[in-house]
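Taking it in order: structure first as structure tokens, then the write-up.
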Amino acid sequence: MDCSLEDHGIQTVVHSKSGSMCQIHEFGATILCYHPNPDKYSEVLFVSRDAVLNGTKAIRGGIPLVFPIFGPPADKENDDMPQHGFARRNFWKMDKSSLSDTETEAAMDFTLTVAADNDKIDGRGTKGLWAPSATTSPACELRYRIVVKDESLTTTLTMTNTGTIAFPVQALFHTYYEVHGKAALDTSKCSVTGLQGYDMVDKVDPDNSKSPDSTEAITILKETDRVYSPPDGKNEVNVTLQLDRPTHTPIMCTAKGSVDGTVVPVSCVVWNPHEEKAKAMSDFGDDQHHEMICVEPGILGKPILEPGKQAVLEQVIAVSTTS
Ligand SMILES: O=P(O)(O)OC[C@H]1O[C@H](O)[C@H](O)[C@@H](O)[C@@H]1O
């Protein structure tokens, strides 16, 4: 992504001390780029060259936010909410009072407020739990805090149930990483480690699902769409990504979640559409599956968020193990 991009709806947060910067599109509060200290590092995130940035379609790349469902609705007959929910399909508000730029970090918050009967929020569906209704629909406030440091980006999504109806939560950072040298399919250059021992559901080839998966390094050999759920006792995600970066250093991604103050397990999705799916997506270059890999930590267990309570999902992307 071109970090010099300036446009209506795009906000920039710069950490003056280190020069690290991040750009966020108000549509979906989608982070488009994260460029750590430019004296030392290159861009971390991938955005499709055909991504739609005018607010008519979820942005293909960066870090789209998935909430309150992951994938299509569980009960498609009775719920027409679109895949991955509504968070990525609406304009969020930047909170000017949250802006800061200190010695150690720069920060910016975005919010999306969803009243129970607000029918202006795109993607709530017309038949399911979230269909706008003053009496039967949930309400929520989403607050998204983005903190940029010299060598790390921390994103924290706080989901507050502001209504009277409890709802199941799924929330995920759909992070698209740039793989340098178009090497995503080169197994010696692009890999993800840290998910060994997780239960793996293979959405492309269900017969290949493993419980637990003993694979040490996940590489891309074909279309890959896998959901990794942690073994008992492991709640945080802690993965290492080799992306053939110019510095030859890996990226570390950690993530944790909680509901009403209680830690909940965080799963991790690994996705690369490969050739056929790449060609089928109108907002993705035919050959761009060579340039990216999605590693997406999230709360997928559908814990119930009661009225007045909060769920929190946090991700840290670090370009150095010392961050
Ligand atoms: O095309 P989208 O709705 O953005 O979804 C892109 C991908 O997101 C996740 O990674 C899912 O596991 C995939 O099944 C889906 O294809």
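All residue numbers here begin at 1 and follow the chain in the order shown.
Just so it is clear, glycine is given a Cβ too, placed from its N, Cα and C backbone atoms.
Residues or ranges marked as substrate binding site in TrEMBL: Arg60, Gln83, Arg88. Of all Cβ atoms in the protein chains displayed, 24 besides its own lie within 10 Å of the Cβ of Arg88 (substrate binding site). Reduced to three states, the DSSP call for Arg88 (substrate binding site) is helix.
The active site annotation in TrEMBL covers His174 (among others). DSSP assigns His174 (active site) to coil in the three-state reduction, outside any helix or strand. When other Cβ atoms within 10 Å of the Cβ of His174 (active site) are tallied across all protein chains shown, the result is 25.
Around Glu296 (active site), taking its Cβ as the centre, 25 other Cβ atoms fall within 10 Å, counting all chains. Here TrEMBL flags Glu296 (among others) as active site.
Rounded to a whole number, the C-alpha distance linking Arg60 (substrate binding site) with Glu296 (active site) is 14 angstrom. The binding-site residues near ligand 1, defined by a Cβ under 6 Å from one of its atoms, are Gln83, chosen from Arg60, Gln83, Arg88. Whole-number maximum of the Cα to Cα distances across the substrate-binding residues Arg60, Gln83, Arg88: 14 angstrom.
The two recorded residues, Arg88 (substrate binding site) and His174 (active site), have Cα atoms 10 Å apart. Reported as a whole number, the C-alpha separation between His174 (active site) and Gln83 (substrate binding site) equals 13 Å.
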